[in-house]
Amino acid sequence: MYSDSDIAQGIDFGGSRVCTVFKIYPRPKPLLMAAGPHYSSLPFNKVNPFADVTDDHSQKLQNAAFLTCLGLTSCLLWNGASVALLWMAGGVESKTLFLALAYLVCGLPAANWLWFRPLCQALRTENTSMFRYFFLFYQLHIAFCMFAAVSPPIIAKGRSLTGILSATDILGDCGEIGYLYFMGFGWFSLESMLSIWVLQKVYKFYRLGGLALEMDSAVRSKASGQSKYSGSAFNTAGVPPASNSKLSPLPPEPAGFYNYGTTVDIPIDAAADLRKKEKELQARDAELRRREKEVKRREEAASRAGIVLEEKNWPPFFPIIHHDITNEIPAHLQKFQYVALTTFLGLTFCLFWNVIAVTTAWIKGEGVKIWFLAIIYFISGVPGAYFLWYRPLYRAFRTESAMRFGWFLLFYMLHIGFCIFAAVAPPIIFKGNSLTGILAAIDVVGNSALAGIFYFIGFGCFCLESLLSIWVIQQVYMYFRGSGKAAEMKREAARGALRAAV
C-alpha cells in the first residue's frame, strides 16, 4: 500500500493492467526576492532624494544634484530680492521686477520637473531615456546659470539678473545694491561650476555604469527563461520535455489551497521554449564574437599602417576631442604636455577675462567696436590655439614626428608674441583698449576705476601666460635639439627639396 502522498493509477494496455505510481510533493514556497538597490516599483511621484534606494555612488550623485537644485533656489531668491531693492530705489522699471519674479516662479518648478526628478528616476531605474532627458535640460540649466552670471545687456539692460555686467553698471548709481549684485554674480558662478561637476559625474556614471547595467539585466532576463504567466517562475532547466505525454495535467487547485491565492499553470513545453531561447542567445553571442574579432583585426591593421584611431573623450561630460596624456604620451614627456595644457587653458581664461573687462569699459562709454574685437579674439583664439600649436605638440610627443615639432615651434612663437602684445596693448587698434594691457589699463582707469581694475587684472594674466609659455617653448626646444629631431627635420627638408628639383 502507498502512503497518502502516493497515488496509484491503473491504465489498461491490451487487456493487462499496469499500475503507475505518481509521487505528489508539497508545493514549494515562493522565494521572497528582496528589493535590490535599483528597485523600480516605487511610484514616480514619491521620489525621495535621500531615500536609500540606490547604491552609495548613485546616492552621492543624487544628493549633489539636489544641492544644485537648492543652489538654484537660493540664486533666484537672491536675484529677486536684489532686483526688488533696486526697483524700490528707482533704478529699474516695474517690468524688470516682474521679469526677476518670473525667473523665480517659473525656474524652481521647471528645475524640479525637467531635470531633478528625471535624474532621480534615472538613478532609481537606470533608464537611458531618463538619463538623456536629464542631460538635455541640465545643459540648459547650466547655460542659464552662466548667462545669469554674465548678464549681458540684452533684456531690460541686463538688470533683471545679478550678473557681473549688471553689477558693474549698477555700482556707479547705487553702490550698496551694486554689492548685492556682485554677491549674486558669485552665487550664479558657484552654481554653474557645481552643475558642470554634477553633469560630468552623471555622464561618467551613464557611460561606464548605466548602459552596461541595463544591458546586463536585459541579458539576464532573457537567459533566465522565466514564465510569461503571473506568479513566480520555476526553474525548468532540468525537466525533460513532456509534450508527447498522454496524461492530462492535474486540475488547478481551488483558491486558498495551501494558503495561496491564484494558481499558476506551467506549460508543459517550457523546456522546448528554453532550448529555443538558448539557441538564439548562442547565435547572438557567436555574432558578437565575430564582430569583435573583425573590429580587432581592423584595429591591428590600422596600427600596423600607422593610423591611430582617436575616440573623442574630452571633456568627459561632452566629448568633442581626443585627449589622453596618461596613456599616450611617454612618461618623461607628460610634464611638458601638462604644462602646455595649462598654457592653453590659461589663454582661454585670459581671452574670456578680456571680454569681461572690455564689456565693462564699453558700458562705461568706450564704444562698441572694442567689444566686437574682444569677442573676435576669444572666438578665433581658443580654437586657433588648439589646432595650430596644442594638438601638433600632443601628436609630436606621441609619434616623435620632427615635422610636427617644427609646426608647433612656429605657431607657439606666434602665440607668445600675441600674449606679449596683449600684455602691453599699444594704442594701435582703437587705442589698444580691445586688449587688457598695461597701457590700456592706464588709459581706462581715468574714466572708470572698476574697468581700470579689470584691465590691470587682465594685464597680470597675460604676463603670467607669457612667462609660462616661454618656459614651455624652451623645454620643448631643448628636447627637440637633444633628441636629434632637428637634424632629422633638416634631412627630411633636404630630401623634399631634392625630390621637388628632380
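Heads up, residue numbers simply count up from 1 along the chain you see.
Just so it is clear, glycine is given a Cβ too, placed from its N, Cα and C backbone atoms.
For reference, TrEMBL has these:
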COILED    271-298  coiled coil
TRANSMEM  64-90  transmembrane segment
TRANSMEM  96-115  transmembrane segment
TRANSMEM  135-155  transmembrane segment
TRANSMEM  179-199  transmembrane segment
TRANSMEM  338-363  transmembrane segment
TRANSMEM  369-389  transmembrane segment
TRANSMEM  409-429  transmembrane segment
TRANSMEM  449-473  transmembrane segment
Next on the checklist: Counting only residues 6 or more past its boundaries, what in the same chain has a CB within less than 8 Å of a CB in the transmembrane segment (96-115)?
Outcome noted: 65, 69, 72-73, 76-77, 79-80, 83-84, 86-87, 133-134, 137-138, 140-141, 144, 155-157, 159-161
Checklist entry - In the same chain, who gets a Cβ under 8 Å from the transmembrane segment (135-155) while lying at least 6 residues past its ends? => result 72, 75, 79, 99, 107, 111, 114-115, 118-119, 161-167, 169, 185, 188-189, 191-192, 195-196, 198-199, 202-203, 206, 318, 356, 359, 363
Checklist outcome for this item: Averaging the pLDDT values of the coiled coil (271-298) gives 84
